[in-house]
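Report on the structure given below.
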Ligand SMILES: Cc1cc2nc3c(=O)[nH]c(=O)nc-3n(C[C@H](O)[C@H](O)[C@H](O)COP(=O)(O)O)c2cc1C
Ligand SMILES: C=C(O[C@@H]1CC(C(=O)O)=C[C@@H](OP(=O)(O)O)[C@H]1O)C(=O)O
């Protein structure tokens, strides 16, 4: 299923066009609304004050509750733009945001209101597409879920350390999805909440790491080379603004290990090949091993902070000071969790469809 996201944060609407959607799939719109709500802005003091309903209008590709096989287009209206907040930023670009690079790339013609196409708001249509992908993957018994792994060094329980996850349970991640901060350990969530509130009081912001898993994926999905499972997932994850790093399985920790520690010992269990550990995060040679797929994405602290920062005056070509105005997330990690799940679900659906064909789901 190909997806193409359109719109700008302060334009009339944003949306997504999905192609190669198999016909005859019953879409559960309540589940889609739940996913959209997990990401939506303006719900509490841990997020931006911008309020959007984020209810998608399906324009094509669904009839009588079933996908028709035609391109599926969904639109989400922007209703709470406050474009005046951005009037200064063309002249005084925000350090860390895309104001300067957008000007360099589009020669001053980019829509800078609300960061235009660079806004984290564009993850709303991504989450819609991911919710459709998740429902299609569920038909093959594949589940995708994620949680906050850490915020500013405050750590949640790791999935690998959880006995419930080791026995294949999705219930941990399903429960996390219902929490304001999607964590496994609610105590850690409370400490994260306090840290975000403190950073906000100090005019600052925090970053963190999201851990994502896919279960029910058989061995043999994916391929080597540039279209490896890691590549497809990474490509989609980097469509989430603020993602700056990604690692699969043990990831960067592999660099400190010996082969004897890094390898996942194999054994036969009830006639099936299983790995006793999962350092490779369920992928070898770009192809699924049958073990849970596990990866982590690192998100930067939000760049639009309330403190005075050094920038440049693009008109006078001189150094300048900037205090970024407007409504901003003091931390984007919790709101990005459904976006990372969507990125992974779309990548897995792409790999499954590539192997078995569009109608395999
Ligand atoms: C859901 C979400 C909300 C975001 N909210 C903000 C925000 O309020 N203020 C901000 O400066 N950046 C925010 N970001 C991050 C910026 O959009 C991002 O840092 C910017 O586009 C530059 O892209 P890069 O960080 O990937 O280089 C948000 C990102 C996401 C995913
Ligand atoms: C609107 C959303 O988040 C926005 C993401 C964002 C950014 O720079 O990425 C900046 C802010 O935009 P605005 O100035 O228009 O309020 C956030 O509110 C959303 O995620 O739906």
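A Cβ is built for glycine as well, from the same backbone N, Cα and C atoms used for every other residue.
Just so you know, TrEMBL annotations are computer predictions that nobody has curated.
As recorded in TrEMBL:
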| type | residues | note |
| --- | --- | --- |
| BINDING | 39 | NADP(+) binding site |
| BINDING | 285, 327 | FMN binding site |
Long-range Cβ environment of residue 327 (FMN binding site), under 8 Å and at least 6 residues apart: 48, 49, 50, 82, 85
Residues satisfying Cβ distance under 8 Å from residue 285 (FMN binding site), sequence separation of at least 6: 224, 228
Per DSSP, three-state class assigned to residue 39 (NADP(+) binding site): helix
In sequence order, those binding-site residues of 39, 285, 327 whose CB lies under 6 Å from ligand 2: 327
For residue 39 (NADP(+) binding site): intrachain residues, at least 6 apart, with Cβ closer than 8 Å: 54, 123, 124, 127, 335, 336, 338, 339
